[in-house]
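Student: Below are the structure tokens for one structure; questions will follow.
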Amino acid sequence: MTTVRQRRVGKGTEAAEDQPSEEKNVKPDGKILSDHTGGKLWNILSITVGGIVAISLGLLTSVYVATLHENDLWFSNIKEVEREISFRTECGLYYSYYKQMIQAASIQQGLHGLVYDNKTESVRTINILERMNVYQEVFLSILYRILPIQQYLEPVYFYIYTLFGLQAVYVIALYVTSWLLSGTWLSGLLAACWYITNRIDTTRVEFTIPLRENWALPFFAVQIAAITYLLRTHLQPVQERLTLIAVFIATFLFSLTWQFNQFMMLIQALALFILDCFDMLPTAKVMWLYIIQISGLLLVCVLQFFNSMILGSLLISFNTSVLIARTIQKHLKKGSLLNRLGKLIFHVLLVLCFTLLINKFIKKILNLESDEHIFKFLKAKFGFGATRDFDANLYLCEEAFGLLPLNTFSRLSATLLFYVYIFVLFLMTVAAIVVAFRNLSGSNQVQFMEKMEECTITLKPDAAYNLLHTVLFGCLALSTMRMKYLWTSHMCVFASFGLCSTEVWKLILKCIHLYTSQRTRVIKYSIPVIILLYISYKFWPGIMDELSELREFYDPDTVELMNWIKSNTPNTAVFAGSMQLLAGVKLCTGRTLTNHPHYEDKNLRERTKQIYQIYAKRSPEDVYQILRSFGTDYVILEDSICYERRHSRGCRLRDLLDIANGHIMDGLGENEPDLKPALYPRFCEEIKKTLPSYTIHFTRVFQNKTFHVYKLAKHK
């Protein structure tokens with residue numbers, strides 16, 4: 001087909017063959033001119049149909065996840081407090097700022113309340129716009145206020161429909177990326193269908209709506225699509241400039257909406273660096289991508305009031321180091337194989353040294369310690385020594401930060417996605433190794449072109465980038481389950497591209513001496529269609545059953561707690577408790593908190609550890625003094641934490657506190673030899689006995705099956 005042929009122009013021999021045909025088209029030969037016109041019309045028709053299918057699938061995905069959310073909670077029928085409680089943990093915290101902006105007397109007053117916030121952390125005034133990635137909530141609240149929709153749409157629906165709408169952008173971006181790589185929109189259709197049928201492993205938007213990744217990943221997918229287009233050969237200068245602008249905008253929006261942006265883009269930068277070292281990408285375009293990453297992140301840094309964590313990020317240090325090293329080593333890609341390998345090793349060491357030096361220097365100047373918990377966690381996770389650090393252990397014991405469960409692969413295999421992915425990944429990896437070795441071996445352009453003519457194995461720059469992207473993000477997902485959504489969505493793209501790729505089937509058929517262009521064309525279209533029919537047959541009934549299943553939100557204990565707080569405590573009251581619960585307290589009641597789930601601040605981490613002494617073995621006097629130092633008026637104790645059974649011994653919150661405090665853990669099992677028995681019983685258990693030593697400081701004012709609220713005495 002015409003589209004496929006145009007995508008294969010990148011090869012030197014094919015480009016030479018295509019040139020005479022272009023000359024023939026201008027000759028007054030009616031048949032040839034007619035074929036050319038027919039090819040153009042077919043190309044326009046294909047793009048039109050493919051575009052309509054992409055938009056339709058994107059909209060259907062949005063409706064699908066919105067319906068699942070409604071059916072799961074009966075969101076349209078439950079009370080406002082129940083809707084807000086459904087935004088669990090940090091989701092509730094982020095949504096509270098949207099609610100705060102909506103309820104403010106004016107936009108200016110709302111922004112002032114965020115910049116000078118004294119309700120998120122008691123006895124402290126913090127800048128929310130600097131500390132957290134909540135510009136999306138600010139933008140959405142302003143949009144809601146200025147649009148004439150208040151009479152027709154509640155603020156909460158405007159918020160959730162926007163995020164469900166972004167799922168359409170996400171699916172369309174995945175579709176387009178696969179289409180660009182393979183040359184056929186059938187590949188995009190298969191990628192979108194795989195994304196939908198593997199929803200459990202590709203997204204969690206329907207039950208964690210305000211989570212930062214649900215804002216950011218659609219923009220990341222758009223950025224990948226733009227990079228894929230940018231890396232195509234023979235782009236016109238105007239096309240290249242427009243694509244670079246698109247990459248910058250997508251990179252900026254991705255960086256603005258997620259605090260983990262720098263770590264994701266660092267992996268992306270590593271992929272670009274490795275491919276550039278092996279001469280598999282155009283160096284000039286790679287340099288532009290480094291600059292775009294730096295400039296996008298610095299612009300976010302300015303908007304976040306010069307957030308020091310961004311300035312001290314490894315990404316900025318790494319990209320700057322690469323740009324400096326490339327300036328120093330101008331002839332990196334010249335010479336014999338051994339010569340180039342020597343230069344390459346020196347280049348890698350130079351970049352590594354520069355990165356560490358620049359990063360160390362920036363952190364020293366800024367006195368930056370905001371991200372130290374991440375490196376402590378990584379050090380302990382990968383076995384570089386055990387740790388008693390409370391923050392690191394808190395991450396290590398969370399399932400989301402553990403290894404990817406094996407049952408993930410069985411689910412992905414049920415749709416044939418994982419089998420196809422492994423098949424394509426193996427073939428593309430072999431091709432990449434061959435191409436990389438050939439590039440390093442070639443001493444000049446003439447020899448390179450000769451080898452291109454002789455060898456059937458080629459790898460286009462856009463395919464090479466997506467290959468390494470999926471490998472690196474796959475490693476991230478395997479090591480940290482929470483990051484699997486970055487991998488599984490791209491897995492759909494990569495597997496569908498390989499299945500619909502002319503190059504992949506051409507390579508396979510040539511290896512078994514069965515290659516003809518007609519046979520290749522038949523296979524690349526027939527196998528995806530068969531898989532689509534299989535997916536439809538097997539999963540369509542399940543999707544229909546899922547959409548017809550109706551459930552309802554039910555959490556009466558939390559609802560009772562929130563209603564009691566609103567009715568029986570002053571608006572200025574300060575509450576202490578678990579991070580997850582307090583996010584809900586802020587959203588539902590507007591009361592002041594002592595701590596919250598946004599953990600990217602050293603002072604907050606220290607504060608949280610102190611507040612959590614309510615679940616440790618500490619004296620009532622110690623706990624009282626700690627809580628009063630943060631201005632606490634009420635403390636909420638949860639039985640689900642005090643008597644936790646979800647985690648095994650050593651990973652319960654009370655165990656982590658005992659280890660950090662040097663105390664022996666509860667229950668049967670081994671303890672480290674230097675741990676000692678505590679002098680006091682566990683506070684959260686002992687306070688319920690209403691002993692005089694406790695009642696002098698704490699008075700129980702509310703309780704139900706889950707929560708116990710105590711008011712602190714105000715001693716002079």
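In case you wondered, yes, glycine gets a Cβ from its N, Cα and C as well.
Because TrEMBL annotations are produced automatically, they should be read as predictions rather than curated entries.
Under the heading compositional bias 'Basic residues', TrEMBL lists 1-10. Annotation comment: TrEMBL describes 21-30 as compositional bias 'Basic and acidic residues'. The region 'Disordered' annotation in TrEMBL covers 1-30. According to TrEMBL, the feature transmembrane segment maps to 41-66, 156-174, 179-197, 217-235, 242-258, 288-306, 312-329, 341-362, 416-441, 487-509, 521-540.
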Student: Restricting to the same chain and to residues at least six past its boundaries, which positions have a Cβ under 8 Å from a Cβ of the transmembrane segment (179-197)?
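Tutor: Apart from its flanks, the transmembrane segment (179-197) reaches 1, 3-4, 6-7, 46-47, 49-51, 53-54, 57-58, 61, 64, 171, 203, 225, 228-229, 232, 415, 417, 462-463, 466, 489, 491-493, 495-497, 499-502, 524-525, 528-529, 531-532, 535, 539, 543.
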Student: Should anything in the same chain at least six residues away from the transmembrane segment (416-441) have a Cβ under 8 Å from its Cβ atoms, list it; otherwise answer none.
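Tutor: Apart from its flanks, the transmembrane segment (416-441) reaches 194, 198, 278-280, 337, 340-341, 344, 409, 448, 451, 455, 457-459, 463-464, 467-468, 470-471, 491-492, 494-499, 504, 507-508, 531, 534-535.
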Student: Below 8 angstroms Cβ to Cβ, which residues of this chain, lying six or more residues outside the transmembrane segment (288-306), approach it?
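Tutor: Non-local partners: 127, 129-130, 133, 135, 227, 230, 244, 247-248, 251-252, 254-256, 261-262, 265, 268-269, 272, 313, 315-316, 319-320, 322-323.
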